[in-house]
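*Asks:* For reference, the structure I am asking about is given below.
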Amino acid sequence: MSSQSCVGHIEEQLAYHKGVVGIKVSLELNTAAVVFLSQETEAEDIREAVEHLGYNCSLIEDLGEKNDDLASETEKVTPDNNETSPLLKAKNDTRSYSSQRSLELALQKSIEHLSKSSRASSRHTLVNVEAANLEKAFFTIKGMTCSSCVSTIENNLKKIRGIHFVLVALLAEKAEVRYNPELISPDAIAGAIDSMGFEAEVLADTQCPPGQLVVMIKGMTCASCVNSIEKAVFRIPGVTSANVVLSTQKGTFTFDGDVAGPRAIVEAIEGAGFEVHLPSSADTSIADRLSHRSEIEKWRSAFLVSLLFGVPTMAIMIFYMVIAPQNGGGHKQTMITEGLSLENLLLFALATPVQFIGGRHFCCPALRSLQHGAANMDVLIVLATTISYLYSVTVLGIAMATRQSMSPMTFFDTVPMLIVFLCLGRWMESVAKGATTEALTKLIELEPTTALLVSSGNHEEKEINKQLVARGDLIKVLPGAKVPVDGCVVSGHGQVDESHITGESLPVDKNPDDIVFSGSLNINGVLLIRATHVGQDTTLGQIVKLVEQAQTSKAPIQQLADRIAGYFVPAVFSLSVITLGVWMFIGFTKVDIIRSFVGKYEGSDLEVTLQFAFRCAITVLSIACPCALGLATPTAVMVGTGLGAKNGIFIKGAEPLELLSQVKIIAFDKTGTITEGKASVTSFTNFSAVVPSGPLVALIGAAESNSEHPIGKAIFAFAVDQLSEEEKELPRCENFEATPGYGLQCEIVYDSYTIYPNETKDIIVKDDGSVLRNPLKTGLGKVNRVLVGNRMWMLNHGVKISGSQDKALETCELEGETAVVCAINGVALAVVSVSDRVRPESRAVVTHLKEKLFKVVLLTGDNKRTANAIAKKVGIRDVIAQVLPRHKAEKIKELRRSGVKVAMVGDGINDSPALIAADVGIALGNATEVAIDAAQVVLIRNDLRDLISAIDLSRKTVHRIRINFVLASVYNIVSIPLAAGMLLPLGLVLLPWVGAGAMAASSLSVLLSSLTLRSAVLERPREPVTKHA
């Protein structure tokens, strides 16, 4: 743990762990005290849950079941649902607590007592959360060809002290490593990867968090230069730290983004007399890496060079194997000297430079791989070419030394032909890999690299690097230019293409106060915008980050493929040796079988046997390919997530993409998900005979002014709208406290402004002819205690709801509206009804899901009448209502216990626990930041119909992955026996270079199979969208 945010993260996540009653985490002591129910969970489960969050955790002490010494001091806690279920047993002096605050206080007291006593009535566990201060670094890795390369890097890095987690993405050419900076540095990690035969480069500098700037500084010569730079930067308000390193010529600065910006820091350094170079844009480096440009150029050049030797080799083979026998009636050798023919001499001359120079792209990585006790695909290739070359040189040397009249049959032709086909295959693979990431690359290239800055004083315009734009800067966007950052239009009018965000192809009119997104194209008009989100905080930046994370993650099925690839190369080498041994045995016992294939070759039995056995062994090495197996999943995931991004569907990884295809139950939140989330007050009923409606509305509005809930915002907007010209403002709200699922309580204070004069008579509340008298004698006083919430909220606070008020509540709820009660100083005075219109597409989506045999559930904290009314409108039969936010997660877990995969669709903070608890959490685009963080799938266009498309995308992608696995598996199952000569009785035996071509074709077939996803049309609800009130 490094900060209080870590503490909050652990406490928040463990609070929803089954059986956990309470938790307190100490940053200073690096410990956590956990109170839990032993019949529902164990200490080891809790420890694993903490480690799953990314921390190192070990058990200090499990105090176990203790006696009742603490019982007399431990408070009884009654859950908010009024079910008497003591969480902590108590002997006497027990009290019931119904609010969340009281629950927390009770647990806090129990946990604090735990630190003083080793005896407790419940089981208590102390967990040590090690402050390892793990950091994360990203690396680009060049030279990976298949899953065995991935396995080599991951397995070897995990052996290095200080490295705790490694994730390598083959297609993205990227690695994520979590490490202890006290034990190892990113540069050392990159060096370790280099030593394995790959090219690694640290990406950390281009991935600065918000409020941090890393630059290269030229011109420093001594420590005084460092000091002068740091002093100059510290003069800027808002700069919190400056670290300049002379040896690396690098400066790292952190600042408050609301006060300072990167441009001010750069100008300060330049003003001190030094030259500043910004690191290359992270987006640019990502685009270059994902497009595989350098890899494409590398293998293209290698292929063209190999052709210089491959084409003559092919010509010689055709001449001596086809043309010469036809003209002369046989394969006659032109001898240069005894044992050496012209054919072998020419092939030797062509093979030698290829073996020692042209094969360097394979030799160096293979040697480094073997040095680390691993074997990748390059090892098989080098073995095939080296064995072919050494065998040929050896038998040719023996023939020349023994002055034989015939030159032996060699494999010199195998070396250049293998390299030609392998380089061609790698080139085509690189091109196809680049195509699989095309969607993400296009997203990245949308964002411009420069911005037109307008000085606020003299309105001078200056073009600057986009990385130097700070929040609050004025940016001018000309017609035909792209918006560089997210911002708000200050002046000007125009039409902007926002299709990359919204999916809407028609331009959107932009006027002052409208929001614009980074990467949008300004079609016409001049816009002056004020930057609100810059750098990685822009909407486009977040989308790119989201998609890249998805494409660099691994599906469970991919992890299996990587494990298989780790054993593939040794297995193939063993098969090659077995093939050699079997054919040698057959040659020594029944050479006629081999001669029937060789034909009229006049060599000895030993020569014929060796030549054929080595040919089959080399062909096995050449044809076997783990690449297709390793590419089966990541290529499909790349294309699938890219297709999703084009359609406004962002899936955070390969695992949720796979799980979404298995979902059978889908639970929907009501407010903001099934409904539009744009609540409005439909009725206000004043049950007070004394307090007029105007002042009462103003008082309720003041109470809701601090609420973030859609209902609270609707009531506040209604109150503001009802203010008269004389009232102008609402009274002051103090001690505001909201309890999710219930309501709020606060104090409303009138200062100099009074909306209701003091009265000497009682406030009278009519109750079907009866009279209830409020103890308050002076009307609305200076300080008024206000409660706004549902029935349970009133009951918990001892507020009585009259029969007429209950009837008004019931009437609203039967209409599908949400009704709340307002109580002032302990008396219920008003009922407010709030309606949230059902989304136009909700019924069509629910109908479509039911037709596809999904079980659809409405999961809401609203009352049963309102929930049932809304569910009836959209066609949902299964309704779970009146569920507290913390209990939503338990309901999701109950659904999961049925043995099927469950998805949760929500948009609010209160949905976050359920989104995390579900197999797949799905958030809408307008959801709260917390909900989006908790979800694994985000429907950015805020359209429920995209849920249908997301499920269809998941199923199509998983189906394509399975097809790819079948293609890769069938290829190896069929090709290896064919290469080994098992079909010799049928006259089918492959040459090594033919095997190399087949190997390249296998990888290409998987890539092309994945690319067919790009043309897929995602499913949408067939039922026409109808609007419902």
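Backbone N, Cα and C define each Cβ position, glycine as well.
Any TrEMBL annotation is an automated prediction that lacks curation.
Just lifted these from TrEMBL, have a look:
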- 1-58: domain 'HMA' (DOMAIN)
- 135-201: domain 'HMA' (DOMAIN)
- 211-277: domain 'HMA' (DOMAIN)
- 70-96: region 'Disordered' (REGION)
- 302-325: transmembrane segment (TRANSMEM)
- 345-367: transmembrane segment (TRANSMEM)
- 379-400: transmembrane segment (TRANSMEM)
- 406-424: transmembrane segment (TRANSMEM)
- 564-586: transmembrane segment (TRANSMEM)
- 612-632: transmembrane segment (TRANSMEM)
- 963-984: transmembrane segment (TRANSMEM)
- 990-1013: transmembrane segment (TRANSMEM)
*Asks:* Please give the average pLDDT for the domain 'HMA' (135-201) in this predicted model.
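*Replies:* The average pLDDT of the model in the domain 'HMA' (135-201) works out to 83.
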*Asks:* Among the recorded stretches 345-367, 612-632, 963-984, which has the greatest number of Cβ pairs closer than 8 Å to the transmembrane segment (406-424)?
*Replies:* 345-367
*Asks:* For the domain 'HMA' (211-277), how many residues does DSSP put in helix, in strand and in coil?
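*Replies:* Helix, strand, coil within the domain 'HMA' (211-277): 22 helix, 23 strand, 22 coil.
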*Asks:* Could you give me three numbers for the domain 'HMA' (135-201), the DSSP helix, strand and coil residue counts?
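*Replies:* Its residues fall into 22 helix, 24 strand, 21 coil.
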*Asks:* Looking at the stretches 345-367, 379-400, 564-586, 612-632, 990-1013, which one shares the most CB pairs under 8 Å with the transmembrane segment (963-984)?
*Replies:* 612-632
*Asks:* Could you give me the DSSP helix, strand and coil counts for the domain 'HMA' (1-58)?
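*Replies:* Breakdown, helix to coil: 21 helix, 15 strand, 22 coil.
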*Asks:* Using Cβ atoms and a strict cutoff of less than 8 Å, what residues sit near the transmembrane segment (612-632) while being 6 or more residues removed from its termini?
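*Replies:* For the transmembrane segment (612-632), the nonlocal Cβ contacts are 145-148, 150, 170-171, 377, 380-381, 383-384, 387-388, 391, 411, 414, 418, 429, 561-562, 564-565, 568-569, 572-573, 575-577, 579-580, 583-584, 587, 594, 597-598, 961, 964-965, 967-969, 971-972, 975-976, 978-981, 989-996, 998-999, 1002-1003, 1005-1007, 1010.
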